[in-house]
Amino acid sequence: MSDNVLVLAEHIGGQLSESSYELLGKAKELAAAWGGKAEVALFGPSDLVSQVEGADVVVSMDHPALADYTCEGYETALLSVLAERAPRLVLLSNATVGLDLGAALSVLWDAPLAAYVGDLRAEGDTPVATCQVMGGKVMAEVELAGERGICTVLAGAFPAAAGQAPAVSQEVVTAAAPDELEKLRMSLARVIEPEGGDVNITDAELLVSVGRGIDSQDNLELVQELADALGAPLSASRPVIDSGWLPKTRQVGKSGLKVKPKAYLAFGISGAPEHLEGMRDAELIIACNTDENAPIFDVAHYGSAEDLFDLVPALVDKIKE
Ligand SMILES: Cc1cc2nc3c(=O)[nH]c(=O)nc-3n(C[C@H](O)[C@H](O)[C@H](O)COP(=O)(O)OP(=O)(O)OC[C@H]3O[C@@H](n4cnc5c(N)ncnc54)[C@H](O)[C@@H]3O)c2cc1C
């Protein structure tokens, strides 16, 4: 075992994801505390190495089977890197790739896994993770005792800037691709882009967003009126989209879009981690939820526990005055 912390870099369309930098920043902090190095495993085209200036060590593996993410390909590649590097801790995103890989790695690499991690610190030699449980209503502090561990970390948990800052010196290691990559049973067939033609909520400076608290499609008219009065598009949490009340292009969150408006108004949204992932970077968050303990209030700058069916018409009246 080493004192190093290894991050799996994620990329799409030749661009490293923001979350990779967030993980790398935390990896540098923990590795410094343990006297180790911050390492990045980078699978796919080796020219992406130039985007990872912040790592002390980049382990690059370039193989046609790793051009696109598949669980089978990345699992094979990562296990071979872990056997070679033996880091103290592995950091993955708590998103599609990390959730997919984390549990499999935990079994195959024989290491404890902390998922939905919102905070992470070193206590002596031990990583201590704060994890969201039950959609963020309860937090659990977890010690990853032993020689190695894995964390899947929520998007936005740590700033990206530290991961983007160049390392004092950098070593680039070219890892040999394991033979198993020639025999994969899984490959990416195609990427299905969301339908276009609707408003782009990621461009909006102001968003009025609605959740299951709206109760029915007919009631959407109420929040649409507020959105129109403010000149803002209407966005929503996943249940509203899954019910077919608004198009998929309006969904905020993990399996929807990440938005960063100047102001985000949330009505009847509980604040599940998958929703927060898409909107917690908004400059100003104002939430209305009848449940005072709803997790949305943990990220909101202003909040109201009024019934949205009272508050929204009152706001519309005020704006029209
Ligand atoms: C892999 C995965 C991906 C996911 N991706 C997404 C995603 O992209 N986006 C997303 O949003 N979710 C996503 N989810 C779902 C997520 O876990 C939650 O289920 C969802 O966000 C809950 O939506 P909600 O807050 O609208 O509903 P609920 O959790 O049911 O909350 C409704 C809230 O409305 C409040 N309320 C009820 N009536 C009123 C009223 N009259 N006035 C005011 N408040 C009221 C309630 O107190 C409650 O807090 C994903 C889940 C998984 C597993």
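Positions of Cβ are set from backbone N, Cα and C atoms, glycine also.
Keep in mind that TrEMBL annotations are predicted by a computer and have not been checked by a curator.
According to TrEMBL, the feature domain 'Electron transfer flavoprotein alpha/beta-subunit N-terminal' maps to 5-193.
Here TrEMBL flags Arg212, 237-238, 251-255, 268-275, Asn289 as FAD binding site. Listed in sequence order, Ala95, Thr96, Ala155, Pro273, Glu274, His275, Glu277, Gly278 are the same-chain residues six or more apart from Lys254 (FAD binding site) with CB atoms under 8 A from its CB.
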CB within-chain contacts under 8 A for Ile269 (FAD binding site), separation at least 6: Ser209, Val210, Gly211, Arg212, Gly213, Ser237, His275, Ala287, Asn289, Ile296
Most Cβ neighbours inside 10 Å, all chains, among the binding-site residues Arg212, His275: His275
Average pLDDT across the domain 'Electron transfer flavoprotein alpha/beta-subunit N-terminal' (5-193), rounded to a whole number: 94
Cβ neighbours of Gln251 (FAD binding site) where a neighbour is any other Cβ within 10 Å: 24
